[in-house]
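Take a look at the structure set out below.
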Amino acid sequence: MMSWWSSGANTALDEQIEKATSSSLEDIALNLEISDVIRSKTVPPKDAMRSLKKRIGHKNPNTQLSALELTDTCVKNGGQHFLVEIASREFIDNLVSLLKATGPAAVNADVRARILGLIQSWAAVTQGRVELSYIGEVYKTLQHEGFQFPPKVAVATSMIDSSAPPEWTDSDVCMRCRTPFTFTNRKHHCRNCGSCFDQQCSSKSIPLPHLGIMQPVRVDDGCYAKVTDKSRGSGGAGAGAGYDRKSPSLYSSFPHKNRSSSAMQPRSARVDDGFDEDLKKALAMSLEEVKSHSRNYAPASNGVANSGQSKVNGDSSATKTVEEEDDDLKAAIAASLADMEEQKKKHSAVLHEQTHSTEAASASTFVPPKNDYELTPVEAENINLFATLVDRLQTQPPGTILREPQIQELYDSIGTLRPKLARTYGETMSKHDTLLDLHAKLATVVRYYDRMLEERLSKAYGQRNFAGYNMHVPRQTSSPYPSLQGPSAPANVPGESFYTGQPQHDYAEPSRQPSYPPQASGAQQQFHQYAPPHQASQPSEGWQPSHTPAPAAQYAGQPPQQSTESTHSHSSAHNHQNLAAPSAPDQSLPTPTTDPAASYYFNQQQVSALQTPVSVPAEPVQSPYPNLQQQPPAQYQHSPAPQGQAQQQKPPQQPQQPYWQHSASQNTALPTNHQPWPQVPNRQSASYVQEPLPSAPQHAPQKPVVEEALIEL
């Protein structure tokens, strides 16, 4: 191919381009010849692009328009390799500079419009191709800059798809016989496929018009067979044996293409003659087919007579032959029309049967109920039209309604629709009520379902918290302290508290397990693990909900060995009730200063942490409340608290006697002198003395834990 890329070819291309653009009239034949030269890679595509760019920059507007038309033709027929050069910055930027030129260098308005139109059409057909994307970028840039483009013309992307000679591939052996290339066995390339072959496998030469190559070039045996088979197949199928004898070569009907001159020679005016010759041959072929078709429809006697007559009168005149051909052509056309009508009738009958079958099937499968009381679309439209006209009459002068016969007709027709409309309205309201009822039922079911889910969640949460305590359920007794929990009280309790007025818990009734918030679980576990029996847990005077209890490791007191199971049960129940107070500080409860009954329990002060084992005297004193027998508490050993806690403690005040409500048989005197109990290094301090055990059975069976839901349905 390098032998083609010579300076002579470039000079010839420049001459052809100059000749094609020298006139204001477009020479289509010469333009196609130049595009074939570019597509066949006879000249480098970059040189062809530069020649066109040079011609577009001419000062004559007619020359510029002709050069632009030639460039468009080459873009549509020059191949992919030429499109890459057209889409380069060198060519596109030159067009943009012509558009933006001002002053004496400004281009003509027609040239300017043609450049914009070409850029717009090229950007449309090259959309989606990466190697040609610069045209689209320039088109968008010009749009943003405010250039007025002509109306878009729909151009298919196949307009720029054209076949070009393939790129040559290299190989060390022949791609057909696998013979290695040597000094004597030279390498040759096939112009049709671009592969390497030796002299033995690529000795044939044929023109390749589909690649723009009109003179014979070297091809291998495989490509030669493919091209010749295609040409023979097209010729034999179209014209028959007689046509093959008249046109032995593929290009025999195109004499202007079988030339021995250079490729740059322009086409002559015989192009039209060749086209007419091809058209005449095609008409002759169609007439032969019509004759054979008409002979099949003709009677046998007529066929024999015609054959005899053709044998006898074989050398008849040309005019008589033309007349006979016209008659045969008319007969063939009539036969084809009759056949077409017959086929159309058959097709319509089949289509009619199919539609009837589908309609019957649809009618059998689903029959929509027909309601006589429903309004038809026409009736609804009449009602809307009547309402619209009545609204318009509100602004019209009086008497207009008398001059509008359409309103009277609509009024008469709508008056008959009142029963139907009323029935339709009634049916609609009943449907609306039914839907509302269904919606209410659904809402009720959803509410019950949500409540059931909440119950299950509360049970699961309560089981998890109880498992964390790891303790038995104590028997609940009546508490002498004001309740620090919420105002709600358990159901079915006999009496009320003296201080708060709320129902008291039964002594023998198993306690209901309350639900504690997560933040109080740690304090409750430490309290039940280390607190001694019958120790009352009361908040100190400086109580704050954010303070955390002191570590339980500082408290070394252990309960005495003689405490029974019921004593531990009683103390645990009491401690369990009082621990719920810190978890709900925001509840509306009496404060330690406002409630006189609770001031004794909340104003209890802490004493020094360095306490020694103390004992309570057994001398009773008079008390206004029913008394219980008290026994001296067991001795407890306490470890000294930190110095910071000792400084915060205050001297204890004289405590009052707590009120205890038990059975009437247990009324004894309380001790006279009250000594403060050892203070526990916790946020809650002891405020009352230890009470004696009730005379209950020592071995009473403990009731099982009954878990109840927090939310009662």
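Cβ coordinates are placed from backbone N, Cα and C, and glycine is handled just like the others.
Straight from Swiss-Prot, the features:
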- 303-320: compositional bias 'Polar residues' (COMPBIAS)
- 475-486: compositional bias 'Polar residues' (COMPBIAS)
- 535-547: compositional bias 'Polar residues' (COMPBIAS)
- 549-578: compositional bias 'Low complexity' (COMPBIAS)
- 585-597: compositional bias 'Polar residues' (COMPBIAS)
- 624-638: compositional bias 'Polar residues' (COMPBIAS)
- 640-651: compositional bias 'Low complexity' (COMPBIAS)
- 659-688: compositional bias 'Polar residues' (COMPBIAS)
- 18-150: domain 'VHS' (DOMAIN)
- 274-293: domain 'UIM 1' (DOMAIN)
- 324-343: domain 'UIM 2' (DOMAIN)
- 230-270: region 'Disordered' (REGION)
- 294-326: region 'Disordered' (REGION)
- 473-597: region 'Disordered' (REGION)
- 612-704: region 'Disordered' (REGION)
- 168-228: zinc finger (ZN_FING)
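Summarised by DSSP class, the composition of the zinc finger (168-228) is 11 helix, 18 strand, 32 coil. Model confidence over the zinc finger (168-228) is summarised by a mean pLDDT of 84. Look at the domain 'VHS' (18-150): DSSP puts its residues at 98 helix, 0 strand, 35 coil.
Assigned with DSSP, the residues of the domain 'UIM 2' (324-343) fall into helix, strand and coil as follows: 20 helix, 0 strand, 0 coil.
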